Amino acid sequence: MGKALMIQGTMSGVGKSLIATALCRIFSDLGYDVVPFKSQNMSLNSAPSIEGGEISRAQYLQAIACRKKPSIKFNPILLKPEGNMRSQVVFLGEPIGSVSARDYMLSKKIELFRKSMEVLKSLMKRHDLVIIEGAGSPVEINLKDYDIANMRVAREVNAPVILVADIDRGGSFAQIVGTMELLSEEERNLVMGFVFNKFRGDPSLLYPGFKFLEKKYGKPVLGVVPYIDHRLPEEDSLAEFPRAKGEVHIQIIKLPHISNFTDFEPLHWANGVDYVTKAEEIKGDIIIIPGSKNTVEDLIWMRENGIEDAIIEAHREGSFIVGICGGFQMLGEKIIDNVESKRGEVKGIGLLPAKTIFAREKRTNHLKAEVLWEPARGMRVEGYEIRFGRSTTRRPFSVIKWVNGRRVEEFEGAVGERTFGTYLHGIFHNFEFTEAFLNLIRREKGLEPIKIREWSIEDEINRFAKIVRESIDVDYIIEFLGL
């Protein structure tokens with residue numbers, strides 16, 4: 001039987017996901033057979049697994065850090081918020097229904113927890129180490145009885161817990177003490193030590209606080225991780241939507257059910273992006289309609305709030321319009337949806353020659369394609385699709401060449417006048433394509449072309465893990481685990 005190590009935090013947003021990612025790479029580098037795990041994740045951003053199901057982006061990234069193919073076993077329960085206090089429940093990669101928060105807590109949660117623990121124990125039997133990520137705070141008093149992502153998991157497999165605090169936001173010592181005081185004695189005994197994350201300054205200034213914690217709880221501070229400027233995707237529960245107007249003004253419609261907004265990180269890094277919600281704000285050089293958890297409802301929201309008309313007017317004035325997945329479907333001529341919204345046939349925005357019908361079977365695949373859109377014709381791109389929609393068009397954006405490593409020849413997306421839409425999530429992570437697209441608009445504005453500095457997820461994981469390795473006592477962790 002392998003070992004388990006759990007990363008919990010004093011609150012949401014302390015950096016649990018990336019500390020876990022770093023530890024996944026560190027232990028993989030040390031030669032251990034390591035895999036990630038999170039029993040339940042609530043996320044607007046999902047990614048395809050090797051089995052063809054969905055998992056959260058956090059566990060997808062951690063799998064890469066472990067040098068493993070992303071599996072549905074790494075994130076058995078995925079909750080995808082739909083609005084109105086409802087979420088789609090995805091179990092082992094497959095949607096099993098839509099429930100209210102109350103119904104989920106009272107009915108499905110414990111049953112799914114038991115099944116997810118069977119998955120965790122099977123992983124521990126087959127691997128040297130499972131690095132488990134918790135969720136939010138482990139001591140929310142109103143939720144603790146229903147919490148299946150923190151100490152209940154640690155107790156189930158007797159996993160030592162590293163408690164992470166975000167010192168950048170202040171109050172980290174109080175958060176650690178408060179968390180420890182609200183844990184039961186059994187739970188406190190599972191805590192092996194503390195990590196202070198995102199520190200700017202001289203760590204020696206913190207030593208009096210370290211001594212206090214060690215004296216009070218008999219637990220060591222395992223390290224202080226500096227604030228790291230990085231390009232790894234963060235967990236999205238507390239995601240900030242930037243309002244940065246770059247030389248090319250890129251506006252992204254912040255839909256009520258926006259999903260997979262990690263698609264736009266490269267645009268944010270290369271130029272800056274501006275998320276907008278009001279019709280009067282819409283006047284960018286590039287206007288993007290992102291993916292949506294409920295395409296038709298978001299289209300109707302845009303229509304009722306004047307955003308659809310504002311997009312059409314901006315397009316008439318010369319703005320370039322882009323749609324990704326659900327955004328692509330909205331830009332077409334019509335959508336027939338009896339799956340997500342049950343509204344039947346709905347008129348689209350009409351900027352793309354495409355029609356979409358929603359099927360009950362979701363397509364969740366890794367894709368490699370060749371671009372047909374003229375300014376980037378012939379470029380090889382890759383990404384992934386997560387969709388119910390099936391679209392037909394007279395002018396496709398690209399031809400898919402590979403689906404999950406299997407050779408195919410399928411058209412996808414659509415092209416119109418100063419408009420394109422695609423099902424390829426991650427299209428802008430293809431730097432050659434993004435550079436060509438931005439420079440097309442820059443030339444129109446009389447700006448000099450730019451060269452986007454290429455980077456890879458692998459490089460960023462290695463750089464982040466190296467800093468974490470230098471900042472925490474990994475040898476102590478190895479000895480504590482008995483590896």
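Along the chain as shown, residues are numbered 1 onward.
Cβ coordinates come from backbone N, Cα and C, glycine included.
The active site, nucleophile annotation in Swiss-Prot covers Cys325. According to Swiss-Prot, the feature active site maps to His425. Annotation source Swiss-Prot lists domain 'GATase cobBQ-type' at 247-433, citing sequence analysis.
Between the CA atoms of His425 (active site) and Cys325 (active site, nucleophile) there is a gap of 7 Å. Within the same chain, residues at least six positions away from Cys325 (active site, nucleophile) with a Cβ under 8 Å of its Cβ are Ser259, Asn260, Pro290, Gly291, Ser292, Glu385, Ile386, Arg387, Gly389, Thr422, Tyr423, His425. Averaged across the domain 'GATase cobBQ-type' (247-433), the predicted model reaches a pLDDT of 94.
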